[in-house]
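Take a look at the structure below.
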Amino acid sequence: MMTPMWISLFKVLLLLFAFFATYEAKEYERIIKELFTITNDEGVVLFNTSADSAPFMPIPTQHDDPTQKQKQNQNQSPIPETNRHYHQYHSLIQPDQYFKVQRSPNGKLNLVFNDTFVSLQRTDTEVQSEQPIPPRHPSDTFVFPDSPIAKYRPPQSPARPLRNDTKEHNPCAKDESQHLRNFCTNVDDYPDLSGLTHKLKNNFAKFFSNDLQPTDVSSRVGGSDERFLCRSIRKLVYPKKGLRADDTWQLIVNNDEYKQAIQIEECEGADQPCDFAANFPQSYNPICKQHYTQQTLASIKSDGELDVVQNSFKIPSCCKCALKTG
């Protein structure tokens with residue numbers, strides 16, 4: 001059973017409900033009109049000032065609009081037409097000041113305070129227009145035969161000379177017919193060594209005193225009952241350029257007056273199977289390998305002034321059959 005206190009509270013609530021239920025509808029309408037501006041136009045207008053003098057503010061166009069500038073020149077006090085499909089929001093500061101957020105047809109939001117146009121968002125076109133324009137090169141444009149650009153030719157850097165110590169794929173002369181793996185008997189732009197005659201004669205005479213005799217250039221074979229598993233060729237060469245021990249190319253002193261002869265032996269089929277490979281066990285893979293030795297030669301300095309120095313070069317010495325397992 002309800003206590004007297006709850007009964008009294010319930011009666012008060014009933015009286016309040018009856019009071020609000022019987023409140024005249026026109027009183028609600030009067031209050032709403034004081035707080036909001038009621039219009040039948042399309043769009044929404046919120047938080048307008050309650051003063052009777054507060055106008056329904058139109059939305060001005062952007063200041064950089066050429067059409068708007070032309071209208072302002074013709075009439076100093078233009079009244080822009082209202083774009084009714086924009087959403088406008090007014091402030092509650094005072095009757096002659098207002099703050100609006102408007103959405104343009106392209107979806108961009110804008111701020112307007114006392115007819116001052118402030119953009120909140122930038123369209124894609126505006127963002128693209130602010131991007132720096134890359135510099136144009138003659139290759140990026142159409143060039144007509146009579147244009148000055150067609151007559152312009154950018155300066156070209158001179159071709160690099162053949163360096164002494166580069167790992168070039170073809171360090172020898174272009175017309176070299178017998179290019180060896182480690183030496184060139186003919187090179188382009190070989191220097192004139194006449195200025196080094198005194199130094200070559202006094203300091204490097206030992207390099208030009210050897211008198212090697214050419215040997216048989218046929219494949220190495222022993223007696224009638226001997227045969228090597230890898231075929232090779234012996235040569236006596238006078239190289240003008242060679243591969244050093246550090247795998248860089250360098251010019252070698254070799255001309256009509258000062259000659260350095262070296263004897264080399266190269267594999268006919270380097271990294272190829274040895275002869276009689278089928279007779280080896282299946283677990284072994286016989287391969288012909290080129291072996292090298294080092295020999296010191298009088299060479300031309302790689303950089304700086306023309307000079308003679310000593311350097312070690314890789315000399316192909318023999319061809320051996322090596323067994324690989326697996």
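Glycine is treated like the rest: Cβ placed from N, Cα and C.
Of the listed cysteines CYS267, CYS274, CYS321, Swiss-Prot assigns the disulfide bond with CYS319 to CYS267.
Which of CYS184, CYS321 pairs with CYS274 is settled by Swiss-Prot: its disulfide partner is CYS321. Candidates considered were CYS288, CYS318; the recorded disulfide partner of CYS230 in Swiss-Prot is CYS288. When ASN75, ASN114 are compared with the annotations in Swiss-Prot, the one labelled N-linked glycosylation site turns out to be ASN114. The C-beta environment of CYS321 (disulfide bond), restricted to residues of the same chain at least 6 apart in sequence and closer than 8 Å, consists of PHE228, LEU229, CYS230, CYS274, PRO286, ILE287, CYS288, LYS289. Averaged across the domain 'Spaetzle' (228-322), pLDDT in this predicted model comes to 91.
Assigned with DSSP, the residues of the domain 'Spaetzle' (228-322) fall into helix, strand and coil as follows: 3 helix, 53 strand, 39 coil.
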